[in-house]
Amino acid sequence: MQPKDLLQLADEFGCPLYVYDASKIEAQYKRLTEAFSKVGELRIHYAVKALSNVSILKLLKNLGSRLDTVSIQEVQLGLYAGFPADKIIYTPNGVSFEEIEMAAKLGVQINIDNLSVLEHFGAKHPKVPVCIRINPHVMAGGNSNISVGHIDSKFGISIHQMPHILRIVENTGMHINGIHMHTGSDILDVEVFLYAAEILFEAAIHFKELDFLDFGSGFKVPYKKDDIETNVEEFGKKLSKRFNEFCKEYGRPLALAFEPGKFLVSEAGYFLTKVNVVKQTTSTVFAGVDSGFNHLIRPMLYGSQHSIENISNPKGKERFYTVVGYICETDTFANNRRIAEIHEGDVLAFRNAGAYCFSMSSNYNSRFKPAEVLWKDGKGILIRERETFEDLLRNQVEVEM
Ligand SMILES: *Cc1c(COP(=O)(O)O)cnc(C)c1O
């Protein structure tokens with residue numbers, strides 16, 4: 001998208017505003033499918049939690065995507081968006097047994113990541129096919145917040161507990177139709193991922209009735225200039241080759257599944273904010289925008305560096321700014337960042353605002369959640385209205401005091 005398109009949308013729909021470029025989502029989807037074109041059956045399960053707007057889900061459905069869900073509500077959203085139950089995988093962590101049963105009843109693929117749950121579920125519903133989430137104990141990412149494969153992670157069943165898994169499966173007679181791993185959010189190194197894949201293959205060989213192997217996600221996308229990103233093409237070539245070999249060892253073809261969230265939608269998203277104030281202090285220049293961590297929390301929560309562009313003055317002389325929000329707490333979006341000269345009233349565009357941005361937003365400080373717009377075929381389509389005062393009062397029970 002061009003700065004002028006974004007500026008026009010800011011004008012038309014107001015700020016703060018989330019904008020998603022449909023063609024970028026399509027391009028990423030295509031890139032992934034092409035990288036794995038040598039695999040007999042590739043299944044892409046879009047991770048709903050990254051961006052859960054129903055129109056985005058429908059767009060992905062039209063591309064041929066399936067869904068990855070982590071809560072019964074995400075399952076319900078997927079069904080509402082028109083996904084058939086058997087195209088949805090449900091990978092919860094720490095949810096109630098009743099919720100897992102509810103998902104099974106809806107007909108979605110269950111993925112279990114806990115031995116006690118596996119045993120209980122297998123005993124009660126031996127006929128329902130189940131996928132098992134393995135923890136291969138491979139650190140894929142650098143940031144311990146987003147690496148989920150390490151030894152003390154709460155996710156997955158340890159690969160070292162394989163004998164116990166096998167005993168449960170044998171005792172209950174349950175049907176294991178998939179093996180899954182999701183090692184973390186960053187595949188920085190293809191070789192590390194391939195190493196984890198070998199562990200998954202070793203686990204898979206124990207199960208005779210598999211339909212698929214699910215490699216989770218971890219595709220890294222660039223946030224700032226010079227950021228390394230997953231080389232999807234190289235990764236596709238290497239893993240496809242090894243996967244096809246494994247299918248021969250296994251004795252029949254299996255489907256290869258992924259669950260990308262960030263890879264599909266991160267770069268498609270822009271977050272547009274208006275500068276309310278420019279404030280000089282003794283040490284910096286603050287640009288204060290009409291948003292805060294209520295709308296975009298990743299910089300404060302994970303230290304993510306979303307690049308910021310002044311689309312009102314794209315050719316302006318660059319200066320150093322500290323970009324902050326209007327929340328009555330420290331809410332720094334960017335520190336000491338080079339941005340084209342900012343004036344009050346300018347519109348700043350944050351990049352990589354597609355994944356884990358709107359979906360992590362809140363009403364803190366009693367602010368409305370932003371509107372969302374899909375940019376498709378050169379037009380902006382409103383896919384979520386900005387909240388209003390009524391939304392803040394919804395579900396509040398007023399009692400006489
Ligand atoms: C969050 C999540 C994903 C998506 O991760 P990304 O880094 O956004 O690609 C995939 N699978 C599971 C089980 C998840 O919890």
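Every residue gets a Cβ built from N, Cα and C, even glycine.
Per TrEMBL, substrate is bound by R298, Y302, E329; the candidate from Y270, Y356 named for the same site is Y356. Listed in sequence order, the recorded positions from K49, Y302, C328, E329 having a Cα within 10 Å of the Cα of Y356 (pyridoxal 5'-phosphate binding site) are K49. Shown are the recorded positions K49, G218, R298, Y302, C328; the one with the most C-beta atoms within 10 angstroms of its own C-beta is G218.
If you draw a 10 Å sphere around the CB of Y356 (pyridoxal 5'-phosphate binding site), it holds 25 other CB atoms from the protein chains shown.
Taking the Cβ of E329 (substrate binding site) as reference, residues of its chain lying under 8 Å away and at least six apart in sequence are, in sequence order, G292, F293. Considering only the recorded positions K49, G218, R298, Y302, C328 (active site, proton donor) has R298 as its nearest partner by CA-CA distance.
Put simply, G218 (pyridoxal 5'-phosphate binding site) is 17 Å from R298 (substrate binding site) when counted between their Cα atoms.
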